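Student: Positions annotated as domain 'Sugar phosphate transporter' by TrEMBL: 10-296. Here TrEMBL flags 7-25, 37-62, 74-92, 98-121, 133-153, 159-179, 191-210, 222-244, 251-272, 278-298 as transmembrane segment.
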Amino acid sequence: MMNKTLLTYFYLFIYILLSSGVILYNKWVLSPKYFNFPLPITLTMIHMGFSGAVTFFLVRVFKVVTPVKMTFEIYATCVIPISAFFASSLWFGNTAYLHISVAFIQMLKALMPVATFLMAVMCGTDKARCDMFFNMLLVSVGVVISSYGEIHFNVVGTVYQVTGIFAEALRLVLTQVLLQKKGLSLNPITSLYYIAPCSFVFLSVPWYLLEKPVMEVSQIQFNFWIFFSNALCALALNFSIFLVVGRTGAVTIRVAGVLKDWILIALSTVIFPESTITWLNIIGYAIALCGVVMYNYIKVKDFRASQSPDEIIPDRITKDWKFEKRSSDFYVPDNVSSNRGSGGGNGSLSDMKIDEEAPLISSSRVSHIGRMQLANHATGK
């Protein structure tokens, strides 16, 4: 039991490390003051191309997982619109790094529950409630106070980030509305396998119009190892989440996400000295965080109330998952899985709350996701 507990904390540590590292790495690459590669669409396309290629080999060559039964109708009506909003959220989120600090971006991301709730109400997957309204109001007031206290406030960067947040929120709701109706369940590998190539195609349009002309007239430095390691970190974050959800539950992941945000804000001020945090920033973010915590609590409470006692997910899964060869799990040979017996827990990724830094896990309960700490934006937000 002690070894399993230590392993759980180790997985959480890896998740927090990779999630924070990807954000800081992207900022360093894009910032004109550091590596000076001010082409966020190009960087995102590198992530998508690399992720698509790796997952192709994992699915088609090494057969780590098997693809879902994807018809043209499902691809056209589900994957394409989801990929479009996913590409948009990454594009706007990465572009924000050119204008505002990492710390302020993390504070703005507290708006994710507000955006997700509004999109869910508009699409009919959630209902307007007084308690949720007051939580959203509290989060919004906190973000406004934090923005007012931002020394280097930039309207363009703020608009890019907020737009990216709402694009991601709409993607989450579409994932619920479209994929859930089709009965599809995708893990990080199969999600990237289907969504990354389509997102790459969508990103090629603004890249051709906005960044290709810049690359032709400017001397842009390209370091293979920098971009390879950057894309590898983004991909590793998606995979680390698969390990995390197998050992922890919704509450633990939410707490880890909040802890990650505070660590990231503190680290960004050390790594990027120009990122100055004021007391008004901290007070505003603390207020917004109170609203986020209350939102998460309500959603977890609602989710558990809707389940029978046998279906409630514990805060920590102590049993090993029994992985079978299906699209939502890693593949374990039949002789290995049969040796585990039938008593192993068979968790579902759709029951977990993840991170906007690696937002490629389809959830059948997106309206219950809260901040969606997985983020996101791993492939580049």
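Positions of Cβ are set from backbone N, Cα and C atoms, glycine also.
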Student: When you look at the transmembrane segment (74-92) alongside the transmembrane segment (7-25), do they share 3+ Cβ pairs under 8 Å, ignoring any pair fewer than 6 residues apart in sequence?
Tutor: no
Student: Quick check for me: are there 3+ Cβ pairs below 8 Å between the transmembrane segment (278-298) and the transmembrane segment (98-121), leaving out pairs under 6 residues apart?
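Tutor: In this chain the transmembrane segment (278-298) contacts the transmembrane segment (98-121) - 3 or more Cβ pairs sit under 8 Å.
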Student: Any contact between the transmembrane segment (159-179) and the transmembrane segment (74-92), i.e. 3 or more CB pairs below 8 Å with pairs at least 6 residues apart?
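Tutor: Contact between the transmembrane segment (159-179) and the transmembrane segment (74-92): present.
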Student: Residues of the same chain, at least six outside the transmembrane segment (98-121), with any C-beta under 8 angstroms of its C-beta?
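Tutor: That would be 23-24, 27, 30-32, 38, 40, 127-128, 132, 135-136, 139-140, 142-143, 146-147, 150, 152-154, 156-158, 160-162, 165-166, 168-170, 172-173, 176, 261, 264-265, 268-269, 272, 274-277, 281, 284-285, 288-289, 291-292, 295-296, 356, 366-367, 369-372.
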Student: To the transmembrane segment (191-210), which of 37-62, 74-92, 133-153, 222-244 is linked by the most Cβ pairs under 8 Å?
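Tutor: Ranking 37-62, 74-92, 133-153, 222-244 by Cβ pairs under 8 Å to the transmembrane segment (191-210) puts 37-62 first.
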